[in-house]
Amino acid sequence: MAGRGSSLPAIILTLAASSFVMAFFCWLSPREADDIIYAAGLSMPSLTSAGQPVSATAPPSSLADLLRLQWQEYLQWNGRFIGQFLARCLLLAPDWLHAVLTPLVHTALLFFSLLLLWGKRWRKKLVPWQIILLGGLLWFMLPAFGSAFFWRTGTANYGYTLLLAVLFLLPYRFWLDGSLSRLPGEAAFLLAGLLAGWSNESLGMLLILLALGACVVQKKAGRHLPLWAVAGLAGAVAGWLALIAAPGNLARAAALGSGLVPLASWKAFHSFLIFWSTQQLELLPLYLLDLGALVCLYRRRELSRDIWLPALLLFLMGHACIGAFVLSPSRADRAMTAGYFWLVLSTCALLFRLSVPRLFGYAARSLFLLLLVFSLWQQAQVFRQAAPLIAAKQAAARNGTLDVRHMDYPGSDKYFYPSYHTRDAILMGPTQEWSRLVPWQDARPLPGMPDIRAFATSHMLYLDGLDDRPLHLACHTHEQTISSMLREVMLHLTPPPAAPRGANALNPWFKPAVTRGKDGKALVHLRGLRRLEDIAYIGREDAGGQVVWQRLDWPSATSSRP
């Protein structure tokens, strides 16, 4: 029995509904970018150092082939052996398996996360509404939900491995509750720890610290340390070391080195501070919910240790995952999945304990459900609109007429392509020849800069006529983020400076970007860019290195895109 008026069938029905919704989106998510590479039996990088495509081998036909390919990638490109191996398995399967298995993984993640939160009391505490609230907040808050759960390569690396992490922590949670001590199968726990620790960079060390903390707490309480707990911890340490020490990590950094900043530098730390502050801004809705819940619980004198301690621990877990990126030269939105997940669960740990008047509770739940259903419906339309675009792109690739207009996908954080446009464009041919995909005959000169021509698709800008000096851009963007909303507010409240100077002078009003030409051309990935007229300012560095901005006055009667 679920307790508190909730039957087990009601919980199962709620989980089934979540799976059906996820299955719809997974079914409409085609294979793209890395999916195609791995399914063809290739390993990253798929281009040689000379920029030539690696010849495809026959797709792997056995477990031995899969392990060989993944070991090759482990040595040459990526230390995430477990996630990448799961991705290869998923990509070799029929397309329908993704629409069946991934929703089950997502549903299992919701259920076992709530078990992790409640521990041995879950039968009395778990109700269907908690599943809806957790799933809905993850839908709204994850910065790249589509990359983590709809994109095949991404979901194996970030969704599946997150479930492995939760499952690894569950025995320790019940052990701390006193409901679990002796368990057989130490070798199985060693393997579970290895898989979880080898998952991804932001999770491995966190799992080690949590398992170690559980062991320390139990030891200080005078309890015996069972062999399974030590085996799980040892496995997590081994997995994390295998992840961090992978030869492919250095090879990957060297291959991408032209765009990376040395980690031991002020520039790298400054970049991390900007990244960190941006994440805090996007997390503001969760913080407001946390604050409201804490105030209500405190005023009712219900803020006990068993309420605030789990919430605080989950809060610190989330920020530990995000803070781990101080050691990372790249910070893709999809890599934030684990950090945001723990922070959402922390908020739920407080919201679940609130006792509110019945009428207010019904109103709040109805409003949340209305917003969730509206968002699901809206994103469903985006996925349906994208289907013919994908079909047209595949047809163009077959008949040799492919260009970047076939990558003009809808803009949505649930539809994962916005974060992969640059990679998509480059992978269509040798890196030296990506510009052949751009219809330069349709490019337009920038106002006041006739030597520079530009062409835009959704989230991408292609430039011609550049020199090797840095070119700074300040652009309007159309995103469903707190940062974008605040920029719109700033534009309505106060105008930008008349003569802005400095690289960051326009950041409160516009989203910045910087690029430089190679052979006179450049491509820029800027999420939220829709058309050329979104470019508001162009900046050039003077002799002293200070950026001097020039406003672009676009003709009001014309538009590069509808």
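All positions are counted from 1 along the displayed chain.
Even glycines carry a Cβ here, placed using N, Cα and C.
TrEMBL: automatically predicted annotations, no manual curation.
Just so it is clear, the model here is predicted, and its values are computed rather than measured.
Pulled from TrEMBL, these are the features on record:
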TRANSMEM  96-119  transmembrane segment
TRANSMEM  131-151  transmembrane segment
TRANSMEM  157-176  transmembrane segment
TRANSMEM  188-213  transmembrane segment
TRANSMEM  225-246  transmembrane segment
TRANSMEM  283-300  transmembrane segment
TRANSMEM  307-328  transmembrane segment
TRANSMEM  334-352  transmembrane segment
TRANSMEM  359-377  transmembrane segment
Top partner of the transmembrane segment (307-328) among 96-119, 157-176, 188-213, 225-246, 283-300 - counted as Cβ pairs under 8 Å: 188-213
Spatial neighbours of the transmembrane segment (157-176) far in sequence, C-beta under 8 Å, 6+ residues away: 80, 82-84, 86-87, 102, 105-106, 108-109, 112-113, 115-116, 119-120, 147-149, 183, 189, 192-193, 195-196, 199-200, 203, 207, 210-211, 214, 217-218, 226, 228-229, 232, 236, 334-335, 337-338, 341
Interface check, the transmembrane segment (359-377) with the transmembrane segment (131-151), three or more C-beta pairs under 8 A: yes
